[in-house]
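Below you'll find the structure, written out as structure tokens, and then a few comments.
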Amino acid sequence: MPALDAFDSFLFSLSRAFCSSFAVFVQIQGCLICLILAFGWACAAYVRNRQIKQMKDSMRHGNSFSFLCCDVNELEHSNQVNLPRVSVVMPLKGFGEHNLHNWRSQITSLYGGPLEFLFVVESTEDPAYHAVSLLISDFKDEVDAKVLVAGLSTTCSQKIHNQLVGVDKMHKDTKYVLFLDDDVRLHPGSIGALTAEMEKNPDIFIQTGYPLDLPSGSLGSYCIYEYHMPCSMGFATGGKTFFLWGGCMMMHADDFRLDRYGVVSGLRDGGYSDDMTLAAIAGAHKRLITSPPVAVFPHPLASDLTFPRYWNYLRKQTFVLESYTTKVNWIMNRALFTTHCYLSWGFVAPYFMSMIHITAALRIYIKGYSLEETALTSGGLLLVCCLATCTAIELLSMWNLTRIEVQLCNMLSPEAPKLSLASYNWSLVFIAMVVDNFLYPVSAIRSHFSQSINWSGIRYHLRNGKIYKIERSKDKGPVFTDLGGKNLYGKKGAPPKASFLSSLARSMAQWHQPKKYDV
């Protein structure tokens, strides 16, 4: 019987250590995290599926327009003429492969009331300006749409600046304002469904929705899909929620005209994230946020979405936890930061331990060691089996929710090409789960110590949770946006290409250099 070499001795020692009481606790905790996620997705699937059944029942009773509303009487002319005016504000930045399709889905809404679309760009040099201008010219006799040039932001993020310019220019009779990201693909009845809920319950402060990511096949796109999935259960409540997604927010126009609850000043004076700022205001004033079950939107990811672009997106997502409006908001962000980091690495650690257990078992089998010689027990493999079972349940629940949301999106947009689960690679989904949860704490810690972020070629610096300095430099920013792969500058203003390694080296250098604050 062969003697243990140094590698095998170390490997078996590690496997034995991972059978200690603390290690067993960590692995059981990982199993519980998987089961909790599976339960949350099952509840979300129930809410979405209930909406599907309601639409099918409506169709069986002769309502062929159930994708617009389940009560066909609401489509009567007498009801449509009394619908309130809605202004749709879309801050634009860059132009990519999915933008035209998304914009068409927005301006061809079947909402029956007065409706205007305000596309807001930073300048006429933005590639989005000419693209959306051509689109509007094609529909000039059919929709009320215009392009606004907002200019450069000086006190808040460029997106928030564009949104506030759009609000300032909206129609004087507008009752509701709907903020949309330019990568949101609306359903024909989305605006009507959101407006109907606002009319039913005037106490609603914000109505929101959530995207259904359509991965393009790269690991980066699957990491983004996996990053969004845990949050999706918070939006599939069918009603009240504490979550808010900046890609779709409907609010009362008078809240902006009168600056109620400080919505305008809170966004304008140092605001970095629109949804985090408004969610904090809603929490501070105990205002209601809701998410109707039909508010789920297809979100195709760029076909060339690389891993570095996923990392840039993750950096921006974790950076929002560094912005805050009040002391209570700061405490909540820190609690979310700590909890998310703990759960992320608590999710990843059991897989590392399982890999050690499996490797040790394979070495025993290949080398012919006896269990007495290695002093190992079957406890490690038992833990591996438990984790594998819980992971399978989690992936099945994630698959089921995605399947139901795909079906719901197909029913809500009967004229659009059908979405399918066939393109989803579930092996990559599992890898993305581990990679994303491992990198989240790294990104969050990096954001905490840097206090600055490059967002679409603009570097924002925070102090006390607010933007206090904005730097613009095309030469140091990305050429494409992270998710949609949108060209930010066009051919004329495109900065020279830089390798990922040089970009990473520059990022590390900025991380280690001392911070300088303006006085």
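Keep in mind that glycine also has a Cβ here, set from the backbone N, Cα and C atoms.
Counting only same-chain residues 6+ beyond the ends of the transmembrane segment (20-47), those with a CB under 8 A from a CB of the stretch are 229-230, 232-233, 235-238, 293, 343, 346-347, 349-351, 353-354, 379, 383, 386-387, 390-391, 393-394, 396-398, 400-401, 404. The transmembrane segment feature in TrEMBL is assigned to 20-47 (among others).
Under the heading transmembrane segment, TrEMBL lists 342-366 (among others).
Residues 15, 18-19, 24, 27-28, 30-32, 34-35, 37-39, 41-42, 44-45, 48, 229, 232-233, 236, 350-351, 353-354, 356-358, 360-361, 421, 424, 426, 429-430 of the same chain, all 6+ positions outside the transmembrane segment (378-401), place their C-beta atoms under 8 angstroms from a C-beta of that stretch. Summarising the annotation, TrEMBL assigns transmembrane segment to 378-401 (among others).
Counting residues 6+ beyond its ends, the transmembrane segment (342-366) has Cβ neighbours under 8 Å at 8, 11-12, 14-15, 18, 23, 26-27, 29-31, 33-34, 374, 376, 380-381, 383-384, 387-388, 433-434, 437-438, 440-441 in the same chain.
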